[in-house]
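Q: Before we start, here is the structure in question, set down as C-alpha cells.
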Amino acid sequence: EKSGRSSLLNAVHRLLGQEECAKTLVKSCADCIKSGPKCAWCKQLDYIKQGEPEWKRCDTEAKLKQSFCNETNIIFPSSHHILLANKPLSTNRRHQDQNNVRREPVQVQPQEVQLLLRPGLQHSFQIRFRLAEDYPVDLYYLMDLSYSMNDDLNNVKRLGNSLLRTLRQITSRARIGFGSFVDKTVLPFTNTNPDRLKKPCPEKENQCQPAFGFKHVLSLTENGDEFNHEVAAQNISGNLDQPEGSLDAIMQSVVCGDKIGWGNSTRLLVLTTDAGFHMAGDGKLGSIFEPNDGKCHLDESLTYSKNNEMDYPSVGQVANKLAENNIQAIFAVTKNVELKEIIPKSEVGVLSNDSSNVVELIKGAYNKLSSNVILSHDELPEGITVHYTSDCDGGHTPSPRGICNNVGIGKEVVFTVTVTALECMEKKTFNIGPLGFREKTKVNVETRCQCECDDDLSADKKRCSGHGRINCGACSCDLGYMGHKCDCKVGDKDETHLKEACRPDNMTAECSGQGECTCGQCMCHSGADGRIIYGQYCNCNDRDCEVHNNKLCGGQRNGKCRCNVCICDTGYEGSACQCKISTQACRKGDGSVCSNRGKCECNSCHCQGGYKPPLCETCPGCPSPCPAAASCIECLGFEKGPLRKNCTQSCGHIQHKTVANLTAKKPCRERDSEGCWMVFTMNELNGFDNYGVVILDKRECPEPVSIGAVVGGAFAGVALIGLLILITIKGIMRYQDLQEYKKFEQERSKAAWSENVSPMYQAATTTVLNPNYTGD
C-alpha cells in the first residue's frame, strides 16, 4: 500500500511537471538527473543521430517516448524508502515477550527508515503511534516557596501518597520527585541585608529558610512516604518583588536529568506558583548580564550555583529544552497564563488559593496531554523539508507538525510524512517522534544524483570507435580521444586548446552555450522549440530578432531575421523593420536631411553631437563658437592675425561678408591680435562646424597712450603718495600729543595741593612798633 501510494505520487508529480525539464549544460546522465526532478535520460544507443548533441537524451519521460526512446531505456531515478527497524507496536499491558521477560513497550513504528530521494521530488512514508497501556510516568513537582505560598506548602506536605495513588490509576510504574525555588538573591529581587537574607519572611514567621534560587530536594522515587518526609522538612522563604524565578527552576529541572532521575517514561513537570515569572533580560536589573547557557549548574548541595551569575532563560529556551528532553509541562497557577500557546505539549490549570485541588488539576492536565499527539522533528539538515498529514482529528491539512487530538490509550494513529530533498547532498540524519515521548523514528536521507545504467558492454568497440566505453548510452572516451563516438584524436593539442577555438573570447561560454565543441568546431544544438542554431560559435538563430506588432521583423513583407538581426526588405527600415522608408519629416526648407547632423530613421531625426530633434538645428549644450572663430574673423575681415598667410585653407568652413553696419541685437565681440575689438555675427549652416559670418568693417581700437603723460602721472603719483604718508604720520603724532595732554590735565585736576611757606623766605615789607609812640 505504501509503495503504491508513493509510485502514484511520483507519477502525478511527473505528469504535472512534464514541461519543466531544464537542460542547461547537460553532458551526461548525472547532469540530466541533477538538472531537475522531471528530467529523464534515454540510454538507447541509436537515439542520437549524427551531429546531434548528447543533451537531446535528457527530457521528460513523455517527450522521450514521443521521440521513440524505448521505455526500457529511459533512466528516471525515483524516490523510495527502506525500513531498517520496524518492530510492531505493543499490544499487551504486561510488555513481556514469549519468555515472560519484561521489555520496553513500542509506541512508534518504524524505528528507523532509509530514504533515497531524488532532489526536488517529494516522497512519503507512514509513522504509526499507539499510546501503550501501563507506560511509566515520572512526575517532578516544582514548587514556589515564596512567602505567599505558605498555606499551599502545608497541603503539599501531605500530597505524596495521594498523588502516587492518582498516578497509579494510570500506570503501575509511577515516580514522583520534588524541587523548590524562589528567586535570585540580589536587589531588586531580594532584600540583600544579611539578616533579611537569612530570614526573608515576616518577623512573626518562625519557620523560615534563607532566600535561594532553585533547590533540588528529592529525586524521582516510587516511595510516597519519602516524598512526604522530604517535603515536610521544607520551610517557606521570601523575596521582594512579585514575579519569581520560575524559568530558572524549570531549566535546571529539565537539563539536570541525571540528578533529577528522569527515566524512559512519560515525563511530567508540574510547576505550582501564585505569581508571574521573570524572563530573559530581567537579570540586568540586578546587574546580571551573562545570558543563560541552558546547562546544568547544580552544586554538591543540589542548589543552583549560577543563580546570581546568569540571567533568566527566555521562554523560547525553556520550550526548546522541554522538547529536547521530551518533558511535558503542567503549569498549576492561580491565574491563567499564555504559556500553553508558547510551549508545545503543555497544559495550564488554575490553582486554588491553598493548592487543595492540585491532584485533580494534575490528573486532568495529564489526560489532555496524553490524548493530544503532536508529531514533530528535531533540527532538520539544510536542504530538507518535511510536512505531515494524518487521518485523525486535527491532522487532515499538511502542516509542519503532525497533530492528532482525542487519542485514547491503545488507539493507533497513522501519520503520513512527506520529505523533500532540495539538492544533492551527503548522507544526513534527523529524528521524528511525538512530543513528550523519548521514542523516535530515525530518518536517514541519501540523495539519488547518479544514474544506475545497465549498459551493453559488447557495444563499446563499435559505438565508441574502439577508443572508449558506453556509459548510459553515451561514449566515455579514452585519454587522447574525444567526440560523440570518440573518433576525434586530440594529438598534440590538449582539450583546453581545442575548446578555445569554440569561443570568441574568454568571457563567452563554449559555443555560446548552445552547442558542443568537437575537435575544435562547434556542433550546434537544435533549439527546444525547433529553432535552428548556427554560426561559427552557435551564436546565430533566425528567431531571436526584434518584434513589431507581435511579428518577427514586422512580418514577412517587411523583413527577415538573419543571425539575430532584422534584414529589412526594400522600402522598410528600423531595428524591427517597422517603418516605411521616408524622410519627409526630416527635411528642412533647403532640402537637407536632419541639417546634415543626424540620420533619418522611421521618418524621425536621430541627431548626433548633442543636437536635438526635430531637425537637429539646436545644440543646447554646445559652447559659443565666437571665441574659436576670432582668428579666422581677423584674417578674413581685416587680413591680419596669425592665420593671414593660409586663411583660405584654415578658415574654409566659414562663409563671410563685410558690412558697414550690423543690426544684430547680440553680436559677437572678440579681441584680435592687436587688442582691437572685432564685431560680427555667426549663423550655423548645415553640417558640423559650418558657419556664415557677417563682419563689421571697422574695428574698435583704443587711442595711443602719451608717454609724457604716463611719466608725469607716475611722478605725480609718487609725490602724492609721499605727501599722504607725511600727513598721516603728522596726524598720528598730533593725536598722541593730545592724548598725553588730556591725561596730564586729568591727573592735575585730581591733585589736592596744600599751601606752605619756605622758612628762608623774607617779606619785602617790615612793620616796626615803637613802644614810646602814643599817637600824638
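Keep in mind that glycine also has a Cβ here, set from the backbone N, Cα and C atoms.
TrEMBL feature annotations, pasted as is:
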DOMAIN    20-70  domain 'PSI'
DOMAIN    28-451  domain 'Integrin beta subunit VWA'
DISULFID  CYS32-CYS69  disulfide bond
DISULFID  CYS42-CYS58  disulfide bond
DISULFID  CYS201-CYS208  disulfide bond
DISULFID  CYS256-CYS296  disulfide bond
DISULFID  CYS392-CYS404  disulfide bond
DISULFID  CYS449-CYS453  disulfide bond
DISULFID  CYS472-CYS511  disulfide bond
DISULFID  CYS540-CYS545  disulfide bond
DISULFID  CYS563-CYS594  disulfide bond
DISULFID  CYS602-CYS647  disulfide bond
DISULFID  CYS619-CYS622  disulfide bond
DOMAIN    626-706  domain 'Integrin beta subunit tail'
DISULFID  CYS632-CYS701  disulfide bond
TRANSMEM  705-729  transmembrane segment
DOMAIN    730-776  domain 'Integrin beta subunit cytoplasmic'
Q: Translate the DSSP assignment of CYS58 (disulfide bond) into the three-state scheme.
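A: Where CYS58 (disulfide bond) sits, the three-state DSSP reduction gives strand.
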Q: Looking at the disulfide-bonded residues listed here (CYS42, CYS58, CYS208, CYS296), whose Cα lies nearest to that of CYS69 (disulfide bond)?
A: CYS42
Q: Give the residue counts of the domain 'PSI' (20-70) per reduced DSSP state, in the order helix, strand, coil.
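A: Its residues fall into 17 helix, 5 strand, 29 coil.
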Q: Sorry to bug you, but what's the C-alpha spacing from CYS632 (disulfide bond) to CYS256 (disulfide bond), rounded to the closest Å?
A: 101
Q: Do you know the DSSP helix, strand and coil residue counts for the domain 'Integrin beta subunit tail' (626-706)?
A: 20 helix, 25 strand, 36 coil
Q: Taking Cα atoms as reference points, which of the disulfide-bonded residues CYS32, CYS404, CYS540, CYS619, CYS647 is nearest to CYS296 (disulfide bond)?
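A: Closest by Cα: CYS404.
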Q: What disulfide-bonded residues in the list CYS201, CYS404, CYS449, CYS453, CYS632 lie within 10 angstroms of CYS647 (disulfide bond), counting C-alpha atoms?
A: CYS632
Q: What subset of the disulfide-bonded residues CYS42, CYS453, CYS619 lies within 10 angstroms of CYS472 (disulfide bond), using C-alpha positions?
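A: Within 10 Å Cα-Cα: CYS42, CYS453.
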Q: Measure from the Cα of CYS632 (disulfide bond) to the Cα of every one of the disulfide-bonded residues CYS208, CYS511, CYS545, CYS594, CYS602, then give the nearest.
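A: Of the disulfide-bonded residues CYS208, CYS511, CYS545, CYS594, CYS602, CYS594 has its Cα closest to that of CYS632 (disulfide bond).
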Q: Neighbour count, 10 Å Cβ-Cβ cut-off, for CYS201 (disulfide bond): what number do you get?
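A: The answer is 19 other Cβ atoms.
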Q: What's the CA to CA span in angstrom from CYS42 (disulfide bond) over to CYS594 (disulfide bond)?
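A: Given the Cα positions, CYS42 (disulfide bond) is 61 Å from CYS594 (disulfide bond).
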Q: Out of CYS58, CYS545, CYS594, CYS619, point to the one nearest CYS404 (disulfide bond) in space (Cα versus Cα); all of them are disulfide-bonded residues in the record.
A: CYS58
Q: Quick one: of the disulfide-bonded residues CYS453, CYS563, CYS594, CYS602, which has its CA closest to the CA of CYS701 (disulfide bond)?
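A: With Cα distances computed to CYS701 (disulfide bond), the winner among CYS453, CYS563, CYS594, CYS602 is CYS594.
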Q: Across the domain 'Integrin beta subunit tail' (626-706), what is the average pLDDT of the model, as a whole number?
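A: For the domain 'Integrin beta subunit tail' (626-706), the model's average pLDDT rounds to 86.
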Q: Looking at the disulfide-bonded residues CYS32, CYS58, CYS392, CYS540, CYS563, which has the shortest Cα distance to CYS208 (disulfide bond)?
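A: Given the candidates CYS32, CYS58, CYS392, CYS540, CYS563, the nearest one is CYS392.
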Q: Have a look around CYS449 (disulfide bond) and count the other CB atoms within 10 A of its CB, chains all included.
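A: Summing over all protein chains shown, CYS449 (disulfide bond) has 17 other Cβ atoms within 10 Å.
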Q: Using the alpha carbons only, what distance in Å do you get between CYS563 (disulfide bond) and CYS540 (disulfide bond) once rounded?
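A: Their Cα atoms are separated by 4 Å.
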Q: I want to check the contact list for CYS511 (disulfide bond): same chain, sequence separation of six or more, C-beta distance under 8 angstroms. What comes out?
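A: For CYS511 (disulfide bond), the qualifying residues are CYS502, ARG503, CYS517, CYS522, MET523, CYS524, TYR537, CYS538.
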